[in-house]
């Protein structure tokens, strides 16, 4: 965190005396300069630092040299007082008498103004970097393009009244990771990481140094340095803090703006002064705009604005139908009753769930049935040729099971004891022989509708319900306006505050999947503007209006300025002839180097190059969980790397023994002796206390009775075996990770167009060649990247992290957000926990699993000779230190930072009429998977032939154009197999696995009356004008501008006829 150096009283006294003499000399020199007339202030960078520390009125106390505009290394110490005195003034200044000794105090500096230091609000401080931000500390401004040092150490001071006369010196530095600081709004980039220099200070000093404090007591100046003084309390103890400030201010000295000149053209006319006073064109345009807004507001207030069209849905009974409605309300619609849920469908001779049988686009909506009271006819919907059709069945017998009837309208529920239908599929046949193929389910719009369906038969007829109509009304003739529903079609889905709307419903605003409906003038104006002024319309207006306005301005300026004849001649007679393209050819090119195609000239992808701005982020060594051990056919007396040198390797054992959080265990397996000797079991119980008493060791000694001792074989009467294991977290010398930051990344595509080399990027996707212009649809660049170059025992590989790391969010503990060293000698992260060792037999079922985090399993292995055994060691993950380990890098990075989503699109424009070659050979290995006449696109894949683009057709229907090579697309199929595929010439048969629509289809059932309404297709001129009012308005404006332009040109030609056509 920081380094502390206690200062003694004697050192402090000497420093204060030397500083006092220097400051007095500076004050005397400054006072003598103030008496003389001051030269005008310059903007030079060499004098900006001296002037910034002085005020214009009177000999005020000096606030220090802020050094604005200077490009010095602010980590260096200032020059001695003698050099400063000689450089400032050559006149001798009498030295004041020495000040008497004073009690210990902070370094004497000249006070300035007080105030509050602004600082960014980045939340509560969780690390030293955020704590520095919280207390207003800012890094020095650094330009990454210059050859300036990336690190600079500065010194701050910290002392407390409770600590006596001890002053703590805090050294810290800022590291620039290569991004430009954002100093326009007073903030700085979070990528500038804050890192203190030196070892860890005492805990209470760190807590006091990182304590946020916003109040600034004063600004101190010491030579060429500037400090901010703060005092605060931590746990009842008052602390003082002097923070070093940047040498250059955040605002800086900006250059003056260049002079601006405005040229005014006189437009007054002595003959027609009213044109200037009243502004007739402006009045006309304003009136036209108000008229358009009024028309749009009126149209939006009388009818809803719909953005999407609703598909057909079950029809509804008339609102005055049935005697059951006479008891409640004559305008209530008849709602469906509860039916069966789940949807069991009959497919062939079997019943299956709807979710297993339904086509894809039907699963996106609801499916089911309405149960209505009148059973004179039933209705269902069929789907074929990607359209919905209504089917009607007449004379359906009524049910015999009475159930309560429920109606709901305007949040009113009532039950009527009447004869009600049974579940919706009751009374239907289980099989249907001659039904129409291609039937599908119906989709309901409201969550309150029941969902059920079954395969039935019916006549194929088309039907359409009357449309929904609205009106506007007011309560008691006063605002606000309300929307009243005149007729409602339930499948439109209009709701008021979540409740379905019915005829007679009044609501301020209605909402449906089709749009919004309102009578409020403000809402109507917004709806009219949002629906009429779309992005396409705005672009069309700009494209149509801006060129005419520019030409009008050019002609008007040419008529009123000198040199009008030459300007108008250049515009009218010469003009500008844009290049005339004979033909545009479009094709695709794969993204692998070496791919080629015809456009119609040959185009080949020579290579792909990756460019970026690289900033070195340092190098670190990850923690490595390393373990070793040995299986010994006796009981050793010296359990250490030296005592077990014959069984364990010396170098790894020493590295592990000297590692961090060492764990070592010595197991005595079934330790006993026979043939008259005493039992050795108690020699290792409890916890090997007797063994450690005679053989001191730093490892744990544990008995392992019951474990297999077959590894040491050949001694049927006397078997002694022991296992030693050692594990710890170490810094492996051959495992390092180097971090590099890639900013301003760009992908360069190297193309060869008819032998001419060309490079295209996202910024410049064009190639201008002698044969024509080639426009390339280039994928977007990957953005900022972080490269981890991992070197593990000679095997080097790179991993890439997408985007910049969020070091103040979830990535605060990642390796990239830590401070690294150039020589890879620094371990990343906190010290891991101690690993756990475990002895496991070879036949233990535990070996079927993997060791847990921080666990090491050791298993004895039978040797090839007597009294020879080995050891199998399995180490698990790194425990809680995984975030600093290679596993974290693999989990948060990728091996390929950039992969294009598809082929490159090539648009070739040539000045000569050409014909793009088309492939005539049939495609190969074409497979069709899915269904036909079901509304779901089928999957079509295969290989397109060479020789040009393949315009693929399936049974005569166009599917799309594909470059040579493999293609995968989706297409709606209307014909059954077999499928003939072609590229425009010879055809071939494709293999197909499609679903039979007859076995796939089913119907949703609707019981009740059926109302048929045929919509008229005639349209009056007034209706057409109301539907195209925006286009008419835009056309009228363009016509007026064109008329004004022609009049202006005619007037200019009349006055300049002598210059254009002299007699």
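Numbering starts at 1 and runs along the chain as displayed.
Placement of Cβ uses the backbone N, Cα and C atoms for every residue, glycine included.
Cross-referencing 520-540, 541-561, 562-582 with Swiss-Prot places the feature region 'Functions as E1 signal peptide' at 562-582.
Long-range neighbours of residue 759 (N-linked glycosylation site) (same chain, six or more residues apart, CB within less than 8 Å of its CB): 748, 749, 750, 751. Taking each of the recorded positions 658, 670 in turn and counting other Cβ atoms within 10 Å of its Cβ gives the largest count for 670. Separating the Cα atoms of residue 671 (Ca(2+) binding site) and residue 658 (N-linked glycosylation site) is a whole-number distance of 30 Å. Rounded to a whole value, the Cα-Cα separation of residue 670 (Ca(2+) binding site) and residue 658 (N-linked glycosylation site) is 31 Å. Listed in sequence order, 734, 735, 736, 737, 738 are the same-chain residues six or more apart from residue 791 (N-linked glycosylation site) with CB atoms under 8 A from its CB. Residues belonging to the topological domain 'Extracellular' (1050-1063) score a mean pLDDT of 64 in the model.
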